[in-house]
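Okay, so here's the structure we're looking at.
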Amino acid sequence: MLSWTRAATYRAPASVANAIEKGRRFASHRVLLMLVVGLSFSTRLYKITEPPHVCWDETHFGKMGSYYINRTFFFDVHPPLGKMLIGLAGYITGYDGTFPFIKPGDKYEHHNYWGMRGFCAVLGSFLPIFAYLIVLELSQSHTAALITASLLIFDTGCISISQYILLDPILMFFIMAAVLSMVKFNQQRHRPFTAPWWLWLVLIGVNLAGALGVKFVGLFVIVLVGLNTVWDLWRLLGDLSLSLVDIAKHFLARVVGLILLPLFIYVTIFAIHFVVLNKSGPGDGFFSSAFQSRLIGNNLHNASMPEYLAYGSTITVKNLRIAGGYLHSHWHLYPEGVGARQQQVTAYLHKDYNNLWLVHRQDNNTSQSGTPDLVRHGDIIRLEHKETTRNLHSHLHEAPLTKKHFQVTGYGTNGTGDTNDLWQVEVCGGRKGDLVKVLRSKVRFLHRATGCVLYSSGKTLPKWGWEQVEVTCSPYLKETPSSQWNIEDHINPRLPNISLSVLKPHFLEILLESHIIMIRGNSGLKPKDNEMNSKPWHWPINYQGLRFSGVNETEYRVYLLGNPVIWWMNLATLGLYLIMVAVASVALQRGFSLGPKRMEHACVLMRGGGLLLLGWLLHYVPFYTMGRVLYYHHYFPAMLFNTMLTGITLDILLKSADLLLRPPYSDWLQRVGQMAFLFTVLYSFYLFHPLSYGMTGPLAHEPGSAMAGLKWMDSWEF
Amino acid sequence: MILALGAYLGGFDGNFVWNRIGAEYPSSVSVWSLRLLPALCGALCVPLVYLLTLELRFSHLSALGAALLLLLENSLIVQSRFMLLESVLIFFVLLAFFSYLRFHNTPDSSWFRYSWLLLCGASCAAAVGVKYMGVFSYLLLLGVASLHTWNLIGDQTVSVCVQCVCRFVCLLVVPVLLYVFWFYIHLSLLNRSGPHDQLMSSAFQASLQGGLSRITQGQPLEVAYGSQVTLRSSASQPIPCWLHSHKANYPIRYENGRGSSHQQQVTCYPFKDVNNWWIVKDPGSQELVVGSPPRPVRHGDVIQLVHGMTSRFLNSHDVAAPMSPHAQEVSGYINFNVSMAAQNLWRVDISNREAESEVWKTILSEVRLVHVNTSAVLKLSGVSLPDWGFRQLEVVAEKLFKGHSSSLGWTVEEHRYGISQEQKEREAELHSPTHIDVDRKISFWAKFLELQWKMLTVKQEDSEHKYSSSPLEWITMETNIAYWLHSSTNAQIHLIGNPVSWGVANLSLLAYQLLAAVYLLRRRRGFKDLPDGVWCQFVRLGCVCVGGWVVNFVPFLLMEKTLFLYHYLPALCYLYLLSPALLEHAHTHLLSNVTHRRALCVCVAAMLSSVFLSYRTFCPLTYGSPELSANQLQGLRWRDTWDILYRRR
């Protein structure tokens, strides 16, 4: 592990004689910081309103921002904070939520879209500034900090991704702010429980909650902060001058600041989300019946329907597992080789007329007159699919995915089938003869012939099943939510409708439910076969970018691609860093006597660099294990860490020039190196700036293009 | 991974004739000899565990305890009695750790100790060679070794260069070399084609005797205008398929109402068939025979492809493909006079021309066929057509063409120069087998890399098996695996562990973690409960046993393939090593009171006897005899989730 404990030894001594020097450095620090701020804001806000049409994922996040303004309920795989902020920014700047955001390329016309874009760009402008401050704090070197800041300011990828209505600038803002507060907090370790100490602690907590509230990627920075905190506590524990009470205080302070506070904020975000979005919208079907009854405009809101399940009714049956879906069937058969070739029965999350089922007696004689009979616990029924007139059926074939269970199919025509279509109704916790309450009873369906129970496994069927959820018949009779169902809609014209007040769900239940649905939604984003997928190894080498806007010659094209010079330099420096750190640590371990300057360098490399390397790893490696569809822009948080590492490494490399040359020459070499670096970055930015600020005219491989000769890799599409 | 199975067995012990499982099962060899080796390894594990515990610096008694636990573990017995690889893997892993610790514990002076290190490297290579799971243990061992080396570097009293180099050679270079060597033996032994040929590329297959090379031996190398070829798709792993057409047209309207061109179907067909033959034609001439000298086709040339049996041209146009409407339909062109002109020119794009050559070569060249009019690429979509297409695989021309993608490549597999001018003769010619001579070899390294890649990427069908289980169920042994059921009686063999031992193993895992946490925190606060030597011993125990469990268990949580209970067995072995050692630690260092110690001894005795009893109880399911009645079986079903089979009589 990294030897952060040695840090204290090498801090710059601040004596009285240095006071004037310090003051001057403070002034120059101010100037440099202002320079970074100015450059950063000007590069991000330049041409912010171009192009005046919907670009790429603006179609999602802009739309979701509008939903907040319209208070319509929707469902997204990301937590709500980012979209809430976008909505808020739009609301403040006068956007009225009426633009439909249907597809990329739609013109904004008179709508006020610049507020939302500007908000994202402002947050994105903070990234170089935060990076500057972090590196300055870690390495105490203005050169390193400047290198980092210039790399980020002039990276076309960072500019493009900050300029549109996306979640990424917001996410990265919180990530970097959290890291900055963490670094500042570490710096305060010698003055525990003072005001700045508390301030930075609370700021870490707030920013962590913010990062997690925008995207689940925020978890990685939480892990980073968590590891740092564990290490810090471990250090404190080894400090025998502190009593156990002190350590307990430290521990509790961190629990409050880094666990309870973020949790509270995070929950509050969701509370606001649910309070604001109180109208029925496109996301209803994903949620349970109880949840839907909260939403104005949903058919379960102040619903009225027959209270007890009756024969002859048309019903929908919803699984009680969270995000369980409705019992569903459609005109498609199981493919060959998957059990019997009969009609598919699945669980489906959306509301659909194929979710409707008819309740019949086993002997098929429905009494035509008078009030229909009610279904009771222990009755044997037949469920007929309304649209296709097949019966819910099961038999001793293995289920398509869960091979231990039996297959469930639709069988028979016009309601005539065989004895395998009979199911026994069982109310959980009920006795023989109990009536089945709509919405409130938990019901199980036991298959008469095989004794198994109707079950939703939660596994997604392959393409032939339209990626709906598998329904099986489980021979294991344990009572789990997967085998319990409730009757949601209940239509029977011959019974009086009674207004039902469904139990309003508790807030924590809603929270849990929405999280499980989000996680399931995330893992459900599987790559499609016919799409070219981005692989994690593509990213650091800048293999392929993303088209933000425009495809062909006449259109205004923006292409998300990192400045290749900067990205390749980052990658090379990563290798260089590993070599340098290996050499330094072997030298230290072997006890070679190094000068104080080299010791300090080694320390910065191992401590500061180690932290950044850890951050890079945490934000990059997990993507290799993810099964969901991945995009190029997922690499950007990791790229920020990589760039900061580059700053530190290059700075130390240049400062070690005196290993090669004698003092006056080594200083020259250092200066020349810095100048060459700056020139390279600026020139490459000049070359590639049309990627972010827009290009028109012919594509790069054709003559007469502004980007002629710059298509260095065949996989770039501009 | 039967392929791998053959590879490994063939790899680690090439002397035995019967080890060529991958190639064929020689009928003359009796079953017992095949089962001998795993059983032998399984048996040797027991003394090895004994020795390993001793090397971890624990007493003979705990060594005995560990050996007993391993000995009485029903699942290990079952697993080693069949022709399965787990016991072999466990054996080599244990051997590696044992020899490494032996090396580490021997005093510095003797050079002899490097032979132990060498043995360690060799058994690591063998472990990895038996199953890829061995990699996890190997990495752990490397980690432990590099930690030791790191400490050694810090020790300024000794010169370290030689030592470091020795360790590096023994633990890294030797295993890699040996591993490559296994495969060398494997490939040179298995030079006949076997049941798993189809998984490999054409070039690989061609280098195996028999199999494809029986057909392809002596084909002309360079594809020329007039050549008759079969085109195999590179995308259709693991089942091969060839570009195919037949006398049936696309339906005028599909089920969903979309229209088609109603021209002749072009599909990909997974069986050898005379309809897989295509003739390469020069658009500029009418000849369908190879001229003399033959004019080879090069990268960038524009060709037409004529279907051998029906003489239709391979054609594509702006009509949506039947199953993948985003792509273009590919058809055999028929002129219906409906203003649908023939668009049958294809450009040959050899994607591996840097490695091979500009000329289109049989088997070696991977070509993409680019449609000239639309610059779409001929591609296997992977969807199978409905009944009207005889459930063959759909072939489309894809409009989106981005970068490299192996799914777009086609290789010429069978090839001959066409000589018959007339259609009738040509049909007869197509029916006859191919026959001209050319010789070709691919290098060992190419084969080696391809084999590695295939082994890592070949997946079993990722559906669930009746006896498959998820890793978290292994800890509590929720599932079993039925291996065998007598054809008429209730005698059966199941993979069921000894429940008492599993309980003990889990408990000791928990206990160790708790104990380690308490010790660590207290040491950090300056209370040294244990003398340094004992602490070292305790840490080493944790590194090897708990570490071993972790590296052999946690990766499975991330895997997406079908997993079975037997994947847990290596991890379990580490826990069996841990339990007695932990008990001894408790006995000597935690309990100072004599009565407490006695109580512990009594507990241990009770535990061992209950382990033995449960072993006895489950014996019938382990050895398959004696036969049990249904009631007895019901009694053995300790958990509801176990599937024990009853035969109804």
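Glycine is no exception: its Cβ is also placed from the backbone N, Cα and C atoms.
Worth saying up front: this structure is predicted, and the values here are computed from it rather than measured.
Summarising the annotation, TrEMBL assigns domain 'MIR' to B:220-283, B:294-351, B:356-415. Taken from TrEMBL, the feature transmembrane segment covers B:36-54, B:61-78, B:84-103, B:110-129, B:135-153, B:165-185, B:500-521, B:533-558, B:564-583, B:595-615.
Across B:110-129, B:135-153, B:500-521, B:595-615, stretch B:500-521 shows the highest tally of CB pairs under 8 A with the transmembrane segment (B:564-583).
Here the domain 'MIR' (B:356-415) has, by DSSP, the following mix of helix, strand and coil residues: 6 helix, 27 strand, 27 coil.
Listed by sequence, the residues of this chain that lie at least six past the ends of the transmembrane segment (B:110-129) yet keep a Cβ under 8 A from its Cβ atoms are 8, 11-12, 89, 92-93, 95-97, 99-100, 102-103, 135, 137-138, 141, 166-167, 170-172, 174-179, 182. Outside the transmembrane segment (B:135-153), and at least 6 residues removed from its termini, the chain residues within Cβ reach (under 8 Å) are 93, 96-97, 100, 104, 120, 124, 127-128, 160, 163-164, 167, 171-172, 175, 543-544, 547-548, 551-552, 555, 570. Taking H, G and I as helix, E and B as strand and the rest as coil, DSSP gives the domain 'MIR' (B:220-283) the counts 3 helix, 30 strand, 31 coil. Helix, strand and coil content of the domain 'MIR' (B:294-351), in residues and according to DSSP, is 0 helix, 26 strand, 32 coil. Remote same-chain residues near the transmembrane segment (B:61-78) are listed as 42, 45-47, 49-54, 87, 90, 483, 493-498, 501, 504-505, 565-566, 569, 572-573, 576-577, 579-581, 583-584, 604, 608, 611-612, 615, 618-619, 621-623 (criterion: CB distance under 8 Å, separation of at least six residues from the stretch ends).
Proximity of distant same-chain residues to the transmembrane segment (B:500-521), defined by a Cβ-Cβ separation under 8 Å and at least 6 residues beyond the stretch ends, is recorded for 69, 72-73, 475-477, 529-530, 535, 538, 541-542, 545-546, 549, 572, 575-576, 578-579, 582-583, 607, 610-611, 613-614. The average pLDDT the prediction assigns to the domain 'MIR' (B:294-351) is 82.
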